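In what follows, a single structure is set out as structure tokens and then discussed.
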Ligand SMILES: [Zn+2]
């Protein structure tokens with residue numbers, strides 16, 4: 001489509017998601033903008049010689065426009081300000097005619113729940129969960145502004161959080177919008193939750209929320225949460241997550257002048273620790289190599305990586321930090337005892353502490369008589385959607401919900 005426009009009020013126009021206001025739309029209607037959209041609702045403007053505003057708006061589906069609006073909110077770590085997300089979601093709830101609740105268990109960490117009541121609200125409900133926060137950006141690595149939701153001529157939209165996981169949050173709302181339009185009424189109540197701080201472990205978000213009466217009053221029967229994008233013709237479905245451990249091994253030793261050969265040094269102990277942890281890592285890697293797929297099978301082994309080495313002067317300590325993701329069938333006590341035995345081997349003054357030690361969160365049963373799974377799988381089969389159930393190699397808020405169940 002090629003539009004010819006002239007504009008009488010030329011102030012603060014944004015073309016195709018650009019954050020540069022322009023007063024010269026005519027100069028920008030060249031063929032490189034065959035599908036451009038104009039945002040000018042807040043400003044006085046008129047068009048002549050071209051399409052009407054309504055026609056212009058038709059160039060983009062409203063769902064896409066709302067998704068891009070959500071992407072433009074820089075809810076990015078560290079120190080996320082969630083205010084704009086809350087007001088955006090409040091507007092969405094009101095446009096859907098649905099009640100919204102904002103819980104503040106920790107200051108500036110809002111938990112947003114929008115509710116679509118079913119015809120039988122006493123039945124266990126469906127929770128559609130997503131998180132509002134996004135991981136930090138290295139702007140120099142980006143070819144687009146990460147918070148401008150730019151759309152290219154092929155319809156690709158660029159922005160931090162577009163996959164993880166603002167698209168999912170928007171899809172929940174837009175699915176309800178569509179069902180409402182079709183006059184569909186569901187038997188069960190659906191809650192749509194938007195959480196803070198998932199990307200930093202959900203400590204002030206879902207982890208706290210699952211222990212509140214507000215959460216239990218939601219009466220959740222089943223919950224859907226984030227997955228991961230797959231370019232192949234199947235949807236990856238996580239039914240379990242590995243447990244995340246942050247293990248710190250402190251190696252203390254004899255202090256003394258750097259010119260001498262001291263006995264019992266922290267460096268010698270560190271060498272043993274590093275060797276034992278890295279040997280274990282290699283064993284897990286070898287198991288991984290026997291698996292059919294390098295990503296899909298990652299959740300079936302324990303991964304282990306050295307992430308930090310630090311030292312303290314008083315007492316003279318060398319500290320190794322390992323990021324460990326424990327496979328779901330690995331006995332936690334057994335693994336901890338193994339690590340403790342390596343510390344003993346390394347010598348006196350070697351101790352192990354946990355900066356983080358997730359329990360085993362259990363799995364969602366996909367076999368047997370899980371009625372939720374049967375219904376979900378049945379619906380997917382009907383729609384000819386192929387599912388690949390797998391263990392999530394990372395961690396998400398779903399682990400807290402799974403634990404609460
Ligand atoms: Zn995520």
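Glycine is no exception: its Cβ is also placed from the backbone N, Cα and C atoms.
What TrEMBL says about a protein is an automatic prediction, not a curated fact.
What TrEMBL records for 131, 164, 226 is Zn(2+) 1 binding site. Residues near residue 226 (Zn(2+) 1 binding site) in space but far in sequence (CB under 8 A, at least 6 apart, same chain), listed by position: 129, 130, 131, 164, 165, 168, 396, 397, 398. Secondary structure from DSSP puts residue 226 (Zn(2+) 1 binding site) in coil.
DSSP assigns residue 133 (active site) to coil in the three-state reduction, outside any helix or strand. Positions annotated as active site by TrEMBL: 133.
Secondary structure at residue 164 (Zn(2+) 1 binding site), taken from DSSP and collapsed to helix, strand or coil, is helix. The Zn(2+) 2 binding site annotation in TrEMBL covers 164, 199.
TrEMBL lists 198 with the feature active site, proton acceptor. Cβ neighbours of residue 198 (active site, proton acceptor) (same chain, under 8 Å, six or more residues apart in sequence): 131, 133, 205, 206, 396, 397.
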Neighbour count (Cβ, 10 Å) for residue 133 (active site):
24
Have a look around residue 199 (Zn(2+) 2 binding site) and count the other CB atoms within 10 A of its CB, chains all included.
22
